[in-house]
């Protein structure tokens, strides 16, 4: 883009920000909180419901498989918690680059760029997914090398082949979600996710209980449940649901792929280090004594923690959208206030859930298993589960702020240091050397999360939001394609 165009864009955004700032300054604190909370919940509520529904697909599958036997449950847990989370972390992290780009572009009124960014992200993520496929094909040797029991691995490698289809479903799923969230149009995602969850419950019962197809029935239903919402999202995006931001397939999608790839890689590094953290917890537990019971109990705890995490991840998405929109529109005060509102709201919910799960203890485990030994182990781990829920109510929101501002590269180093140089070594010492077993491993890893949360809090408090606005403008002006140049379209909408 020419220098004059960049200066004009910056001037317009500065004027918009000044006008918006004057209007907001006239409002009282309660009004500001109310207005920002509404904007936050417009994104957060559908995002939370969607994540609950998506996570519910895995929970329902696990509940049905858990009644087949402890070996099947352990195999499913290790496949989804280790292998699928490995690729999920990479792909979701890489897709978060789209969240930064679309959010800031939408705030800057560069609506035509959202569709181009979406198509670039499809290209980058599809290539990455193809590269990840051998992990599932050779899952047996990989899991054995990681020290897992052979009888569990025999079942896990069958499940892993089914998961290849699920892995490819993440490409349209994550990218369309980021694209729609940036425009606060993610209600459609919640609707189709609800339908998909209902279909999954029915298919799971039909194939596993009525026809007794076992693992095959469970994975068939799971695969359908993951792909059904994607088809609906793609139709919504490309068939008129986003006329202002989707202008048809464009040859400009093949331009500037390398910068998008680099931003996607830094985004992937940030989030995958985070998601892999729990996978390593499962791997370390699999090498402890009585691994079958320990794995089952930990899988149940992590699923409960994961359900609460869906709330925090909803606020991660909302914080990212709000911060990126405000930065793109040139409003540093708005970005800062959006951050404070998101953190406070998520933390308040986290405190309530902290006390709820302290009270429930092991009672909830009977949803997933009939084993008394596993239920007793879950009850023993429940205080750690409650503290994990409390800390996870803040940390993902701060990560969302980082995504909205484009700090993924910095947070990657923070995650690497706090999780892998602090949390895991302490967990290994407490679990294996001190002999605290699962508790010791989890305590160490919770300490890593605590340190990471403290570092992100300091980073956020010390942020110069005016400087972040300037950085956002430079990024947008560097990659923007003027609407008049976007003529090489395969198709377009009137």
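Including glycine, each Cβ sits where the backbone N, Cα and C put it.
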Swiss-Prot annotation of transmembrane segment - which of the ranges 7-27, 217-237 it falls on: 217-237
Of the residue ranges 102-122, 123-143, the one that Swiss-Prot records as transmembrane segment: 123-143
Among ranges 384-404, 468-488, whichever one Swiss-Prot labels transmembrane segment: 384-404
The transmembrane segment (73-95) vs the transmembrane segment (158-178): 3 or more CB pairs under 8 Å: yes
Positions on the same chain near the transmembrane segment (340-360), where near means CB under 8 A and six or more residues out: 33, 36-37, 40, 44, 304, 308, 311-312, 315, 318-319, 322, 382-383, 385-387, 389-390, 392-394, 396-398, 400-401
Criterion met for the transmembrane segment (217-237) and the transmembrane segment (416-436) (at least three Cβ pairs under 8 Å): no
Residues from the same chain, set at least six apart from the ends of the transmembrane segment (297-317), whose C-beta lies under 8 A from its own: 40, 43-45, 47-52, 55, 58-59, 62, 73-74, 77, 81, 99, 177, 181, 186, 278, 281-282, 285, 342, 345-346, 349-350, 353, 357, 364-365, 368-369, 374, 377-378, 381-382, 384-385, 388-389, 392-397, 399-400, 403, 438, 442
